[in-house]
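Worksheet: one structure, shown below.
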Amino acid sequence: MFSSKKSLLLFKNVRYMSTSSSKTVGFIGLGNMGGHQAINLIKKGHNLIVFDMSKDNMNRLKEKGAKIANSPAEVAKEADVIVTMLPASAHVKNVYCGENGIFQTVRPGTLLLDSSTIDPATAREVASIAKKHQSTMLDCPVSGGTGGAEAGTLTFMVGGSEQDFNTAKTYLECMGKNIVHCGDVGTGQVAKVCNNLVLGISMIAVSEAMNLGVKQGMDPKKLAGIFNTSSARCWTSELYNPCPGVIETSPASRGYTGGFGSALMTKDLGLAVDSAKSIGEPLLLGNSAHQLYTLLVAKGDGQKDFSVVYDFLNKNFKNSN
(Lines of atoms letter the chains of each structure in order from A; the text may use other names.)
(Lines give C-alpha, C1' and ligand atoms only; values in the text may rest on other atoms or scores of the structure.)
Protein backbone atom coordinates (compact mmCIF):
# COMPACT_ATOMS: atom_id res chain seq x y z
CA MET A 1 0.00 0.00 0.00
CA PHE A 2 1.04 3.61 -0.54
CA SER A 3 1.95 5.71 2.46
CA SER A 4 -0.10 8.91 2.83
CA LYS A 5 2.98 10.92 1.78
CA LYS A 6 3.50 8.82 -1.34
CA SER A 7 -0.20 8.97 -2.16
CA LEU A 8 -0.16 12.76 -1.99
CA LEU A 9 2.93 12.91 -4.21
CA LEU A 10 1.27 10.61 -6.75
CA PHE A 11 -1.90 12.71 -6.64
CA LYS A 12 0.07 15.89 -7.23
CA ASN A 13 1.95 14.36 -10.13
CA VAL A 14 -1.26 13.17 -11.79
CA ARG A 15 -2.66 16.70 -11.61
CA TYR A 16 0.53 18.24 -12.97
CA MET A 17 0.83 15.73 -15.82
CA SER A 18 -2.43 16.82 -17.42
CA THR A 19 -2.00 19.45 -20.15
CA SER A 20 -1.76 23.02 -18.88
CA SER A 21 -4.47 24.15 -21.29
CA SER A 22 -6.98 21.89 -19.49
CA LYS A 23 -6.24 23.51 -16.14
CA THR A 24 -8.03 26.49 -14.67
CA VAL A 25 -5.72 29.26 -13.49
CA GLY A 26 -6.91 31.60 -10.77
CA PHE A 27 -5.52 35.12 -10.56
CA ILE A 28 -6.02 37.42 -7.58
CA GLY A 29 -4.80 41.03 -7.70
CA LEU A 30 -5.41 42.75 -11.03
CA GLY A 31 -3.66 46.09 -10.53
CA ASN A 32 -0.97 47.74 -12.65
CA MET A 33 1.14 44.57 -12.65
CA GLY A 34 -1.31 41.74 -12.09
CA GLY A 35 -3.75 42.87 -14.75
CA HIS A 36 -1.11 42.56 -17.46
CA GLN A 37 0.12 39.23 -16.10
CA ALA A 38 -3.39 37.81 -16.17
CA ILE A 39 -3.96 38.97 -19.74
CA ASN A 40 -0.74 37.27 -20.84
CA LEU A 41 -1.93 34.00 -19.32
CA ILE A 42 -5.13 34.31 -21.35
CA LYS A 43 -3.11 35.05 -24.49
CA LYS A 44 -1.20 31.82 -23.91
CA GLY A 45 -4.44 29.84 -23.91
CA HIS A 46 -5.15 29.42 -20.20
CA ASN A 47 -8.67 29.50 -18.76
CA LEU A 48 -8.77 32.14 -16.03
CA ILE A 49 -10.97 32.84 -13.05
CA VAL A 50 -10.08 36.16 -11.40
CA PHE A 51 -10.75 38.26 -8.33
CA ASP A 52 -9.88 41.82 -7.39
CA MET A 53 -11.33 44.40 -5.01
CA SER A 54 -11.93 46.64 -8.04
CA LYS A 55 -14.89 45.69 -10.22
CA ASP A 56 -13.42 47.75 -13.05
CA ASN A 57 -10.26 45.66 -12.96
CA MET A 58 -12.29 42.45 -13.05
CA ASN A 59 -14.47 43.68 -15.88
CA ARG A 60 -11.39 44.44 -17.97
CA LEU A 61 -10.35 40.81 -17.60
CA LYS A 62 -13.89 39.61 -18.25
CA GLU A 63 -13.74 41.39 -21.61
CA LYS A 64 -10.61 39.34 -22.36
CA GLY A 65 -12.41 36.08 -21.60
CA ALA A 66 -11.80 35.55 -17.87
CA LYS A 67 -14.46 34.34 -15.45
CA ILE A 68 -15.14 36.62 -12.47
CA ALA A 69 -15.24 35.32 -8.88
CA ASN A 70 -16.72 36.98 -5.81
CA SER A 71 -13.90 36.07 -3.40
CA PRO A 72 -10.52 34.34 -3.19
CA ALA A 73 -12.31 31.30 -1.79
CA GLU A 74 -14.45 31.11 -4.92
CA VAL A 75 -11.30 31.24 -7.05
CA ALA A 76 -9.78 28.39 -5.03
CA LYS A 77 -12.86 26.21 -5.51
CA GLU A 78 -12.27 26.09 -9.26
CA ALA A 79 -8.56 26.69 -9.84
CA ASP A 80 -5.80 24.12 -10.27
CA VAL A 81 -3.17 26.87 -10.15
CA ILE A 82 -3.52 30.24 -8.39
CA VAL A 83 -1.35 33.32 -8.98
CA THR A 84 -1.51 36.22 -6.53
CA MET A 85 -0.10 39.73 -7.01
CA LEU A 86 -0.83 41.80 -3.90
CA PRO A 87 0.53 45.01 -2.36
CA ALA A 88 1.99 43.84 0.96
CA SER A 89 2.37 41.04 3.52
CA ALA A 90 -0.91 41.87 5.29
CA HIS A 91 -2.84 41.52 2.03
CA VAL A 92 -1.19 38.17 1.29
CA LYS A 93 -2.10 36.82 4.73
CA ASN A 94 -5.68 38.02 4.36
CA VAL A 95 -6.18 36.63 0.85
CA TYR A 96 -4.76 33.24 1.78
CA CYS A 97 -5.70 32.84 5.44
CA GLY A 98 -8.58 35.23 6.06
CA GLU A 99 -12.34 34.87 5.89
CA ASN A 100 -13.31 33.81 2.35
CA GLY A 101 -9.62 33.27 1.73
CA ILE A 102 -7.91 30.72 -0.47
CA PHE A 103 -7.30 28.21 2.32
CA GLN A 104 -11.02 28.03 3.06
CA THR A 105 -11.63 26.04 -0.12
CA VAL A 106 -8.26 25.18 -1.70
CA ARG A 107 -8.10 21.68 -3.16
CA PRO A 108 -5.29 19.20 -2.48
CA GLY A 109 -2.54 19.46 -5.09
CA THR A 110 -3.22 23.10 -5.99
CA LEU A 111 -0.14 25.05 -7.06
CA LEU A 112 0.04 28.51 -5.45
CA LEU A 113 2.33 31.15 -6.97
CA ASP A 114 2.65 34.40 -5.03
CA SER A 115 4.15 37.22 -7.10
CA SER A 116 3.75 39.83 -4.36
CA THR A 117 6.78 41.50 -2.80
CA ILE A 118 6.65 40.64 0.91
CA ASP A 119 9.05 39.76 3.71
CA PRO A 120 10.66 36.30 3.51
CA ALA A 121 9.28 35.28 6.93
CA THR A 122 5.68 35.78 5.79
CA ALA A 123 6.38 33.88 2.57
CA ARG A 124 7.65 30.91 4.59
CA GLU A 125 4.78 31.12 7.08
CA VAL A 126 2.04 31.08 4.43
CA ALA A 127 3.82 28.32 2.49
CA SER A 128 3.86 26.22 5.66
CA ILE A 129 0.10 26.70 6.07
CA ALA A 130 -0.40 25.76 2.41
CA LYS A 131 1.43 22.50 3.05
CA LYS A 132 -1.07 21.67 5.81
CA HIS A 133 -3.80 22.06 3.19
CA GLN A 134 -1.93 19.63 0.90
CA SER A 135 -1.12 22.38 -1.59
CA THR A 136 2.23 23.79 -2.71
CA MET A 137 3.18 27.46 -2.48
CA LEU A 138 6.16 29.19 -4.08
CA ASP A 139 7.24 32.80 -3.66
CA CYS A 140 7.65 34.29 -7.15
CA PRO A 141 8.22 38.06 -6.89
CA VAL A 142 8.95 39.90 -10.11
CA SER A 143 11.11 42.65 -11.56
CA GLY A 144 10.60 44.54 -14.79
CA GLY A 145 7.89 47.06 -13.99
CA THR A 146 4.57 47.60 -15.70
CA GLY A 147 6.27 47.61 -19.11
CA GLY A 148 7.70 44.17 -18.48
CA ALA A 149 4.36 42.94 -17.16
CA GLU A 150 2.59 44.11 -20.30
CA ALA A 151 5.25 42.76 -22.66
CA GLY A 152 5.52 39.44 -20.83
CA THR A 153 9.25 39.94 -20.18
CA LEU A 154 9.30 39.97 -16.38
CA THR A 155 12.04 38.37 -14.32
CA PHE A 156 10.65 35.93 -11.74
CA MET A 157 12.69 35.17 -8.62
CA VAL A 158 11.37 31.85 -7.35
CA GLY A 159 11.67 30.21 -3.94
CA GLY A 160 10.71 26.54 -3.63
CA SER A 161 11.89 23.03 -4.38
CA GLU A 162 13.50 22.21 -7.71
CA GLN A 163 10.58 19.95 -8.66
CA ASP A 164 7.95 22.56 -7.84
CA PHE A 165 9.99 25.23 -9.63
CA ASN A 166 10.02 23.15 -12.82
CA THR A 167 6.24 22.75 -12.60
CA ALA A 168 5.71 26.46 -11.99
CA LYS A 169 7.84 27.46 -14.99
CA THR A 170 5.03 26.37 -17.33
CA TYR A 171 2.92 29.24 -16.02
CA LEU A 172 5.61 31.77 -15.19
CA GLU A 173 7.00 31.60 -18.73
CA CYS A 174 3.63 32.89 -19.96
CA MET A 175 4.26 36.09 -18.02
CA GLY A 176 8.03 36.45 -17.99
CA LYS A 177 11.27 35.96 -19.85
CA ASN A 178 13.76 35.20 -17.08
CA ILE A 179 12.64 32.57 -14.57
CA VAL A 180 15.29 32.12 -11.87
CA HIS A 181 15.29 29.46 -9.16
CA CYS A 182 16.75 31.18 -6.08
CA GLY A 183 16.57 28.28 -3.62
CA ASP A 184 14.13 27.18 -0.93
CA VAL A 185 10.86 28.92 -0.07
CA GLY A 186 11.52 32.54 0.92
CA THR A 187 14.67 33.03 -1.13
CA GLY A 188 12.70 34.55 -3.99
CA GLN A 189 11.67 37.32 -1.61
CA VAL A 190 15.25 37.71 -0.37
CA ALA A 191 16.39 38.26 -3.96
CA LYS A 192 13.58 40.74 -4.63
CA VAL A 193 14.29 42.77 -1.49
CA CYS A 194 17.95 43.05 -2.49
CA ASN A 195 17.04 43.97 -6.08
CA ASN A 196 14.68 46.74 -5.02
CA LEU A 197 17.20 48.04 -2.52
CA VAL A 198 19.56 48.66 -5.45
CA LEU A 199 16.70 50.09 -7.53
CA GLY A 200 15.65 52.62 -4.90
CA ILE A 201 19.20 53.78 -4.23
CA SER A 202 20.06 54.01 -7.93
CA MET A 203 16.94 56.08 -8.65
CA ILE A 204 18.00 58.59 -6.01
CA ALA A 205 21.57 58.63 -7.36
CA VAL A 206 20.50 59.20 -10.97
CA SER A 207 17.97 61.84 -9.90
CA GLU A 208 20.56 63.68 -7.84
CA ALA A 209 23.13 63.58 -10.64
CA MET A 210 20.62 64.66 -13.33
CA ASN A 211 19.45 67.51 -11.11
CA LEU A 212 23.05 68.60 -10.46
CA GLY A 213 23.90 68.61 -14.17
CA VAL A 214 20.71 70.29 -15.39
CA LYS A 215 21.04 73.09 -12.83
CA GLN A 216 24.54 73.77 -14.15
CA GLY A 217 23.37 74.12 -17.74
CA MET A 218 23.62 70.57 -19.11
CA ASP A 219 21.05 69.43 -21.64
CA PRO A 220 19.28 66.53 -19.84
CA LYS A 221 19.23 64.26 -22.90
CA LYS A 222 22.95 64.79 -23.51
CA LEU A 223 23.75 64.16 -19.87
CA ALA A 224 21.68 60.98 -19.83
CA GLY A 225 23.35 59.91 -23.07
CA ILE A 226 26.75 60.29 -21.44
CA PHE A 227 25.62 58.22 -18.46
CA ASN A 228 24.30 55.51 -20.75
CA THR A 229 27.58 55.13 -22.65
CA SER A 230 29.84 55.51 -19.62
CA SER A 231 30.41 54.00 -16.19
CA ALA A 232 27.20 55.57 -14.82
CA ARG A 233 25.11 53.38 -17.12
CA CYS A 234 22.25 51.63 -15.31
CA TRP A 235 18.63 50.60 -15.87
CA THR A 236 17.35 53.68 -14.05
CA SER A 237 19.17 56.09 -16.34
CA GLU A 238 18.88 54.21 -19.61
CA LEU A 239 15.31 52.90 -19.54
CA TYR A 240 13.50 54.80 -16.77
CA ASN A 241 15.16 58.18 -16.58
CA PRO A 242 13.54 60.39 -13.92
CA CYS A 243 14.06 63.69 -15.76
CA PRO A 244 10.97 64.70 -17.80
CA GLY A 245 11.48 64.59 -21.57
CA VAL A 246 14.55 62.37 -21.60
CA ILE A 247 12.49 59.24 -22.32
CA GLU A 248 9.12 60.10 -23.84
CA THR A 249 7.45 56.90 -22.62
CA SER A 250 8.68 57.10 -19.01
CA PRO A 251 6.41 58.08 -16.10
CA ALA A 252 8.53 61.23 -15.68
CA SER A 253 7.34 62.46 -19.08
CA ARG A 254 3.68 62.07 -18.13
CA GLY A 255 3.67 63.81 -14.77
CA TYR A 256 4.99 60.79 -12.87
CA THR A 257 1.71 58.93 -13.31
CA GLY A 258 1.47 55.16 -13.62
CA GLY A 259 4.53 53.03 -13.11
CA PHE A 260 5.71 51.94 -9.65
CA GLY A 261 4.35 54.08 -6.84
CA SER A 262 6.58 55.80 -4.29
CA ALA A 263 4.51 54.23 -1.51
CA LEU A 264 5.38 50.77 -2.82
CA MET A 265 9.06 51.67 -3.07
CA THR A 266 8.90 52.93 0.52
CA LYS A 267 7.38 49.60 1.53
CA ASP A 268 10.07 47.62 -0.30
CA LEU A 269 12.90 49.67 1.18
CA GLY A 270 11.30 49.12 4.58
CA LEU A 271 11.49 45.37 3.95
CA ALA A 272 15.20 45.74 3.22
CA VAL A 273 15.75 47.79 6.38
CA ASP A 274 13.88 45.24 8.50
CA SER A 275 15.72 42.36 6.85
CA ALA A 276 19.08 43.97 7.62
CA LYS A 277 18.08 44.58 11.24
CA SER A 278 17.03 40.95 11.64
CA ILE A 279 20.57 39.74 10.91
CA GLY A 280 22.45 42.68 12.44
CA GLU A 281 23.75 44.10 9.17
CA PRO A 282 24.22 47.86 8.62
CA LEU A 283 22.31 49.43 5.74
CA LEU A 284 23.81 52.89 5.39
CA LEU A 285 22.49 53.91 1.97
CA GLY A 286 19.36 51.81 2.34
CA ASN A 287 18.30 53.59 5.52
CA SER A 288 18.85 56.99 3.89
CA ALA A 289 16.87 55.95 0.81
CA HIS A 290 14.03 54.68 2.99
CA GLN A 291 13.91 57.97 4.90
CA LEU A 292 13.78 60.00 1.68
CA TYR A 293 10.94 57.95 0.19
CA THR A 294 9.09 58.08 3.51
CA LEU A 295 9.29 61.88 3.22
CA LEU A 296 7.94 61.75 -0.35
CA VAL A 297 4.94 59.74 0.80
CA ALA A 298 4.34 62.08 3.74
CA LYS A 299 4.22 65.09 1.40
CA GLY A 300 1.58 63.43 -0.79
CA ASP A 301 3.58 61.79 -3.58
CA GLY A 302 2.92 58.19 -2.55
CA GLN A 303 0.79 57.41 -5.61
CA LYS A 304 3.22 59.02 -8.04
CA ASP A 305 5.91 56.92 -9.71
CA PHE A 306 9.03 56.50 -7.58
CA SER A 307 11.04 58.53 -10.11
CA VAL A 308 9.25 61.59 -8.70
CA VAL A 309 12.24 61.84 -6.36
CA TYR A 310 13.87 63.87 -9.17
CA ASP A 311 11.02 66.38 -9.08
CA PHE A 312 11.38 66.61 -5.30
CA LEU A 313 15.10 67.34 -5.51
CA ASN A 314 14.65 69.76 -8.40
CA LYS A 315 12.00 71.86 -6.68
CA ASN A 316 13.12 71.72 -3.06
CA PHE A 317 16.81 72.42 -3.48
CA LYS A 318 17.09 75.56 -5.60
CA ASN A 319 20.33 76.73 -7.16
CA SER A 320 21.51 79.55 -4.90
CA ASN A 321 23.78 81.13 -7.56
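Backbone N, Cα and C atoms are what each Cβ position is placed from, and that goes for glycine too.
What Swiss-Prot annotates here:
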type     : residues                     : note
ACT_SITE : Lys192                       : active site
BINDING  : 23-52, 86-87, Thr117, Lys267 : NAD(+) binding site
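Sequence features annotated in Swiss-Prot and their locations in the structure.
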residue	record	DSSP (3 states)
Lys23	NAD(+) binding site	coil
Ile28	NAD(+) binding site	strand
Met33	NAD(+) binding site	coil
Ala38	NAD(+) binding site	helix
Lys43	NAD(+) binding site	helix
Leu48	NAD(+) binding site	strand
Leu86	NAD(+) binding site	coil
Lys192	active site	helix
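Sequence-distant contacts of Ala38 (NAD(+) binding site), defined by Cβ-Cβ distance under 8 angstroms and a gap of at least six in the same chain, are Phe27, Leu30, Leu48, Val50, Leu61, Lys64, Ala66, Val83. The highest number of surrounding Cβ atoms within 10 Å, among the binding-site residues Ile28, Met33, Leu48, Leu86, is found at Ile28. The most densely surrounded of the recorded positions Lys23, Lys43, Lys192 is Lys192 (count of other Cβ atoms within 10 A of its Cβ). Across the fold, the C-alpha of Leu86 (NAD(+) binding site) and the C-alpha of the residue listed as 'active site' stand 14 Å from each other. Residue pair Lys23 (NAD(+) binding site) / the residue listed as 'active site' shows a Cα separation of 29 Å.
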